[in-house]
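First comes the structure, then the notes that go with it.
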Amino acid sequence: MAWLGTIASNVLRSTGYKDWLTPNEILEVKPENYSNRHIESREDAIVLYGPGKKSEETYEIVLHRPCTETLHQAYSLYRSEEREAAERRFIVYKDKVPVLVQICQQMCNVGKIQKLCNTLVEHPTWTLAHLAAHCTLHSAFAHAVVNSQLNSGDIETGISPLQVAVQSNNLYTVQMLIEAKSSLEHLDYKANTVYHYAATSTKEIILALGGDRPNSLNSRNSNGYTPLHLACLNNKPECVKALLLIGADVNIPASEGEPSSPGYVGDFLHGKPDVLHAEDMKFGGTPLHWSLSREVIIALLESNCDIDALNFDRRTALHIMAMRKRLPCVVALLSHMACANIADKDGNTPLHLAVAENSLSIVQCLIGFGADIDARNWKSETPRHLTNMNNQESQKILYILDAVGAQRCPKEMVDCSVGCKHDESFTGVAPQQPPMAVPRTILDQMLYVSGMDKMATEGKRKIKGGRLLCLDGGGIRGLVLVQTLLEIESILNKPIRDCFDWIAGTSTGGILALGIASGKSLRECQALYFRIKEEAFLGMRPYGNEGLEKVLKDSLGASSVMSDIERPKIMITAVLAEKMPIDLYIFRNYDAPSVILNIPKSSMSAAPSPPNEEFLWHAARATGAAPSYFRSFGKYLDGGLIANNPTLDAITEINEYNLALKATGREQEVVPLSLVVSIGTGLIPSSPLNGVDIFLPETIWDAAKFAMGILGVAKLLVDQVTASDGRIVDRARNWCSMIGVPYYRFNPQLSQNIAMDEKSDEVLADMIWTAKAFMHANRDQIIELAALINRDV
């Protein structure tokens, strides 16, 4: 098509091409047209001509083809009426254009030369290697004159030829330069590596670069961004995924700060293209921010993703999950100790965002995990202020906040609704109250006053020690125990384990007792229950032992023994089911009364094992071996079959222990019982029990009634065997009143009957919130209890 360019050039010249062409447009011209022109400068095949005699002729730069190739082809590269402009352009062209045209045959056409010259105008300091990389002149790199500049940096920007190839999205050129040993560690003058340039290119280029240079892959440029940050900023989700696959560190924060530890998720993401939400990548953060499911979050956390890392809006993954209404993801983050009170760039905590999105269950969950209900954003707005009174769901959220003590806005706050205004009284829409048993409030108060009077009369206020904490069984409802203790701990301002001298626990309460005594915080214990839910309650009942035992070993230690716990004294109940009648067995971290008294062991009963031979996880596994839920643990079954509420058994044990000390001359070690705090796993709603009559059926209808009667009696027996409230509590309260020991019982009324293996996050979130609301309603009683506990300090 060269002839077409010649014809066009002649036509344009004959019609006054100065009016039609830009000075930089490349024209194919005839060499003979310049035979009478004055040569201003010359460098091999490139010539700067001065104006000729014709009026339309100006200073002109012309590239001549070598005589060995053709005598009839040349290219006009630039035209100007100003000598200085033409000379400046000639200096830019003279060392580069002729060389590349000569060594690359594909350059000998108007289009290629036009691209080359345009590139030189934009980047006049680029070397031959930079130009070849940008213009995809692959054959040029076979020549030493180009190859010698392979790792040279542009004198203005510092960019390397490889970085140019990446920036130009030339995959083949990139691969060729990598093969030629181009440096992957080169930095331009803004500290950008080749990976920074690749971050906005294509996933194929990123994968071609590979992850062999982790320092370059994860370095920050002068703006504080890593390649991963740039891919996010430029909304390049495929590049983000590719960077993760080759080993980008997800924990490096943008702009400033150092990661707590590296986080690499490439191994997890291989073969999983759809586990991350691409739309959220442009906001930055880590893959946790972009996760779509609980399973992905847990896998990423196991890959060491920073759970509280911030994105460009200073939001954590918890903020994003609250905004996106992903409750399972919220639970997964909180149960792995994500902070619930980090403020974003607007001062909003995850609770602010959950309220704004009308996510009731997420609001309950955040409150249960310690979110600050009165936190203010930069506009001084609390979560309560953000409730929308025109929305039914938001009115329920208002009640949820109010029931746990969320404050109204101060008088000076503007734009308030009836739900938050300082002089209004609306507290939202309360849930329907469940059916409850007949309360014993008056009798309980009388027993309490009687016990306190007896304590004062006998001088027991002066006794230090003897404080007993009892924790009921109830499976996953152990979360109620944790929430109750959290509220008590918040008033005491010190760890629960430092507030009691004895802790007794059954089943889930036993697991919690061991967790507390072994030094775990209540938040860690809260997380433990959710881990049990996810890893132990798998498949159909009875569940496999492996999941539960793994969690217990990880949490309590595979080799930790009862004697490792010096204080408080621990009682963990289990059922010894190797003979009839079955017997109560207590795992202890102290010598049993029978051991102190040297009572010979009977062949018909098992002697207590020494504390240094009892593994913590064994005790936890034994006390939690609930029939039909888990297999028995050797000769042990769940302690809830005998002592689901271990209070009376714990009081009995303390009394026998003190008697044994007195009998062996160790009176100085005797500490009488001085306080009992009993915590339940929630009162289930009252419900009718139909069909408990068992008789010999005479008709087909009687057979149906007989079957119903069998089921009813079975249900009744299970309820009584595992009973932890009702008359059991009444007995404990009366016993304590008679001996002058203060007795406190905390057991919230639940809105529904929650199974021991409940897996629904919505149900559990409501249960945790119910416990917190119950404790807020009984705050005065907690303060009173705290005064009794602290008297030993």
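Glycine residues also receive a Cβ, built from the backbone N, Cα and C atoms like all the rest.
The DSSP breakdown of the repeat 'ANK' (157-189) into helical (H, G, I), extended (E, B) and coil residues amounts to 16 helix, 0 strand, 17 coil. Here TrEMBL flags 157-189 (among others) as repeat 'ANK'.
Residues or ranges marked as repeat 'ANK' in TrEMBL: 223-255 (among others). Counting residue by residue with DSSP, the repeat 'ANK' (223-255) contains 16 helix, 0 strand, 17 coil.
According to TrEMBL, the feature repeat 'ANK' maps to 346-378 (among others). Across all of the repeat 'ANK' (346-378), the predicted model scores a mean pLDDT of 95.
Summarising the annotation, TrEMBL assigns domain 'PNPLA' to 469-651.
Here the motif 'GXGXXG' (473-478) has long-range neighbours at 506-512, 529, 532-533, 537, 623, 626, 629, 638-640, 644-645, 680-682, 722, 724, 754-758, 764, 767, meaning same-chain residues at least 6 beyond its ends whose C-beta is under 8 angstroms from one of its own. The motif 'GXGXXG' annotation in TrEMBL covers 473-478.
Residues 470-478, 481, 529, 570-573, 623-624, 626, 638-640, 643-646, 679, 681, 756 of the same chain, all 6+ positions outside the motif 'GXSXG' (505-509), place their C-beta atoms under 8 angstroms from a C-beta of that stretch. Taken from TrEMBL, the feature motif 'GXSXG' applies to 505-509.
The active site, nucleophile annotation in TrEMBL covers Ser507. Counting Cβ atoms from all protein chains shown, Ser507 (active site, nucleophile) has 35 others lying within 10 Å of its own Cβ. In this structure, Ser507 (active site, nucleophile) belongs to neither helix nor strand by DSSP; it is coil.
The Cβ neighbour count for Asp638 (active site, proton acceptor), using a 10 Å radius and every protein chain shown, is 30. Residues or ranges marked as active site, proton acceptor by TrEMBL: Asp638.
Taking the Cα atom of each, Ser507 (active site, nucleophile) and Asp638 (active site, proton acceptor) are about 6 angstrom apart. With a threshold of 8 Å between CB atoms, the same-chain residues lying at least 6 positions outside the repeat 'ANK' (223-255) that come near it are 190, 193, 195-196, 198-203, 206-207, 209-211, 214, 217, 261-266, 269-270, 273, 276, 278, 281-287, 304-306, 309-312.
Note: the repeat 'ANK' (346-378) comprises 16 helix, 0 strand, 17 coil (DSSP; helix = H, G, I, strand = E, B). Look at the motif 'GXGXXG' (473-478): DSSP puts its residues at 4 helix, 0 strand, 2 coil.
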